[in-house]
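**Student:** Following this message is one structure expressed as structure tokens.
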């Protein structure tokens, strides 16, 4: 349900905003260097046979036989976090957000654009394999329980590489809808750069979306043991159907998707849960994405999405935010639950994207009596990025390898175990435990990894067992790519 916006008392809000936007004095950040590292991180997460231009040399080939148990080649793609599983739901969301970063901010990436494109293609090449059989989507490789029972390098992996799929009898509209969105968004990225690849992505997106829509259901109903509690769909599959349709509309301009969105807006609850955006909840992203067309004067019939987008923005602004959105004393957006930085980067990305759309239309956000300007949204997004890069009470960068002080003991198997070059012999499932429990810094620097981050009091334990704070994920970094690209060109 859309929540009503409480009245804003301009003076009080102004003071709060002033406090929030007065960061600790620091040297100017090198956003382009942070962007380079943010993209480099994805090379550390690669699964499969690594290419000759692999830059993080301590990683080697891994899981090259994925899919062989079902007669398919499912090698490639990304490990989602510090483990060795390929979870299709967050991987697809990561791909959508990397693509959106390039669509909106690629012109600001300079010399890093090529690396950003490679990061997307590493994911889409895998998603094409996972969707190659009509009416089937392979959504996960690796048994999460056997994987999480071991602490071993991906190169040594001997845990079960079970393959999980959805099909007509076992639906998963959420993961299929997100996969369709990823393929459609990436098709825009490659449209002028590789037209035949772009067409392949778009055609596949169309068929995967059709499958998602025809066989409706949440994948955690079909695959509960494999996906819960790891990437369980708590939020329902309805948002992914709208999200997939929104990206297909943007990529194809076909009327059928516009009509689908219009017809299903209420049925699929476009106005729901407005203060959240992430791998499980796409509502805010849908509203911001579709609002661009409304603000350009091209889609008045979608004006309710613009209203939803305004309500979303109001729900996260300091001084008037929804109770579920807090700010730490140091000014960091905080939402309860694991891995807070995923909320920080995703919400900040939407703040920045929406501020750009508003700027072009010369409009403000309507929050009761207050009308926050696009510049204010941009400033709030920048404050979050600067916090991540070191403008915080601990003076710590939460991006590994950036700044003078950053997390040294991240919850990440490949980073925390000796590399194959340093230790050619196999390190077995339980033999890795001593590295997990060691107080020593990780031997391999996973450059660009952004960890789950500090708690609501700005405290951070730089310790592997505190995985909610110390584990990096692909979906923390993906939206940050767009943010850093923008600020590297505008600061």
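The chain as shown is numbered from 1 upward.
Heads up, the Cβ atoms here are built off N, Cα and C, so glycines get one too.
Sharing the record's features from TrEMBL:
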SIGNAL    1-27  signal peptide
DOMAIN    31-484  domain 'Glycoside hydrolase family 9'
ACT_SITE  411  active site
ACT_SITE  462  active site
ACT_SITE  471  active site
**Student:** Cα of residue 471 (active site) to Cα of residue 411 (active site): how many Å, rounded?
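**Tutor:** Taking the Cα atoms only, residue 471 (active site) lies 5 Å from residue 411 (active site).
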**Student:** List the Cα distance (Å, whole number) between residue 411 (active site) and residue 462 (active site).
**Tutor:** 9
**Student:** Restricting to the domain 'Glycoside hydrolase family 9' (31-484), report the mean pLDDT as a whole number.
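**Tutor:** Mean per-residue confidence for the domain 'Glycoside hydrolase family 9' (31-484): 96 out of 100.
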**Student:** Of 462, 471, the active-site residues given in the record, which has the fewest other CB atoms within 10 A of its CB?
**Tutor:** 462
**Student:** Please work out the number of neighbouring Cβ atoms within 10 Å of the Cβ of residue 411 (active site), leaving out its own Cβ.
**Tutor:** 24
